[in-house]
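Report on the following structure.
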Amino acid sequence: MDDRKTNFGSNQLNTPVEDLSQDSHLNYPKNMENSVAEGEDVEDWEEDREDGEIIQRGETFASLEAEKGLTIFTAAIFIIGEMAGSGVLALPYAIVFAGWTGIAMLILCCFASGYCGMVLGRSWTLLRERHRAYRGHVRYPYPAIGEKAYGRWASIAVTVCIQVTLFGVAVVFLILAAGNMSHLIELKVSDDTETELRIWLLICFAVLFPLSWLGTPKEFWGIAVGASLATAVACVMICICIALDMPEDLKSVEQPTVHFERFFSAFGTILFSFGGASTFPTIQTDMKRSSRFPVSVVLAYIAVIGMYLPVSILGFVSYGKDIEPNILDVIGHNQHHLSKVTVDIVLALITLHLMSSFVIVLNPVSQQFEEFLNIPQKFCFKRCLLRSALMCFILGVSELIPKFGLILSLIGGSTITLLTFVFPCLFYLRLEQNISLHIKVLLYEIIAIGLFGGVASTYSAINAIRKEFTHS
């Protein structure tokens, strides 16, 4: 077996340059082996590339790394802040209707999503090693990976999926934040709860409006830190509240019957909860050492599953079929031994996370449109105008369909499945020249499981939406 087979346990920049030379448009000299990892000066040679650029004498591959940017830890914080919000609220409901199998699915999806995140990061590192044009700040890293792997059609497919996914996630976050605030503070403007929710949507929109103008993730790292800390503290408090609600006899908790439609709808929710891959390349691009992004992924996913599992299991065994789509709603209904202050603190913390995550997930969408419209990579009037228009569009959809559960399951089973489980594996299989057989088998298994689960959960979500509108 070739010694140079892919191994994620090794240094991410340790790929011998002669391996990269197998690309038809690269011409690396044989004496360049291992210079990538060691950062040694390149001899006088040229890279025969389709864009005609030349690597000058004395340039090193260490120049791939930025002097300023996110660290491994802060990148992990961004990943946590982007993912672990809605999942904490929605997963207990999903696990109840998937049964104990749902716990296994949760762990499996965590592993698969995390591994795909590492694969996606490795693909971006390969592109930056091979193509000088991608070594600076790139607004559209994920579509660029797709284009170099399969051509223009893949870039377009990724772009469409990212826009749909992040737009949908932003809508979900805004609706959840407004719903939490309506429970936290009663405006008493109307007796209709839906009217109250729509008013809070406007208030949350007004708060988030100026924050949407911020440039790239490294310019608002404090928001990511606040989101992650808020979620971690809220998870602990939610677990305490559920534990206090837990009956002495767990056998007395009635569990619903698991059937096809609800099971795969729950699967869609689980997929959604690990659907952060669409923003991963954007975060990686802003790192000081982007090649170390897989380490950030591992740290982030350990933290995320550490938050998801306790809340999901406790909610499942404590409430059973009495669970609500938002776990905070069922906690709020059982306050016979809880002070209202405790529940209010949890609501406030989760709302802080959701509003912070809203800014994070909207950023790649904004940058993609800015690139398409040739808007400068600096704070300017055109940026503010474009991002304001996007914010207004999100508000309009939120006001029209203020039901987060339906949107969450549909996106989780469709575009998030493609971006998180399918595309990363396909692109890496095309870009990396030397992949061991067991890694190939694993990647194809992830693709197959992702496609099957995604199609089934999308069907279930569409059917649920159809029933919702039929009954209304």
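Each Cβ is built from the backbone N, Cα and C atoms, and glycine gets one as well.
Note: TrEMBL annotation is automatic and uncurated.
Database features, via TrEMBL:
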COMPBIAS  38-50  compositional bias 'Acidic residues'
DOMAIN    70-462  domain 'Amino acid transporter transmembrane'
REGION    1-50  region 'Disordered'
TRANSMEM  70-91  transmembrane segment
TRANSMEM  97-120  transmembrane segment
TRANSMEM  153-177  transmembrane segment
TRANSMEM  197-214  transmembrane segment
TRANSMEM  221-243  transmembrane segment
TRANSMEM  263-283  transmembrane segment
TRANSMEM  295-319  transmembrane segment
TRANSMEM  345-363  transmembrane segment
TRANSMEM  384-401  transmembrane segment
TRANSMEM  407-429  transmembrane segment
TRANSMEM  441-462  transmembrane segment
Contact ranking winner - 97-120, 153-177, 197-214, 295-319, 407-429 against the transmembrane segment (70-91), Cβ under 8 Å: 295-319
Annotated stretches the transmembrane segment (295-319) and the transmembrane segment (221-243) touching (3 or more Cβ pairs under 8 Å): yes
Remote residues contacting the transmembrane segment (407-429) - C-beta distance under 8 A, at least 6 residues beyond either end: 86, 90, 112-113, 116-117, 119-120, 122-123, 142, 145-146, 149-150, 154, 157-158, 161-162, 164-165, 168-169, 171-172, 175, 264-265, 267-278, 401, 435, 440, 443-444, 446-447, 449-451, 453-462, 464-465
Stretch of maximal Cβ-Cβ contact with the transmembrane segment (197-214) [cut-off: under 8 Å; candidates 97-120, 153-177, 263-283, 384-401, 441-462]: 384-401
Closest-packing stretch to the transmembrane segment (97-120), where packing means Cβ pairs under 8 Å, from 153-177, 263-283, 441-462: 263-283
Stretch in 153-177, 345-363, 384-401, 441-462 most in contact with the transmembrane segment (263-283), if contact is a CB pair under 8 A: 441-462
Other parts of the chain folded back onto the transmembrane segment (345-363), taken as Cβ under 8 Å at six or more residues beyond its ends: 78, 81-82, 84-86, 88-89, 166, 169-170, 173-174, 176-177, 180-181, 183-184, 204, 207-208, 211-212, 214, 216-217, 220, 223-224, 226-228, 230-231, 233-234, 237-238, 241, 279, 282, 328, 331, 387, 390-391, 394
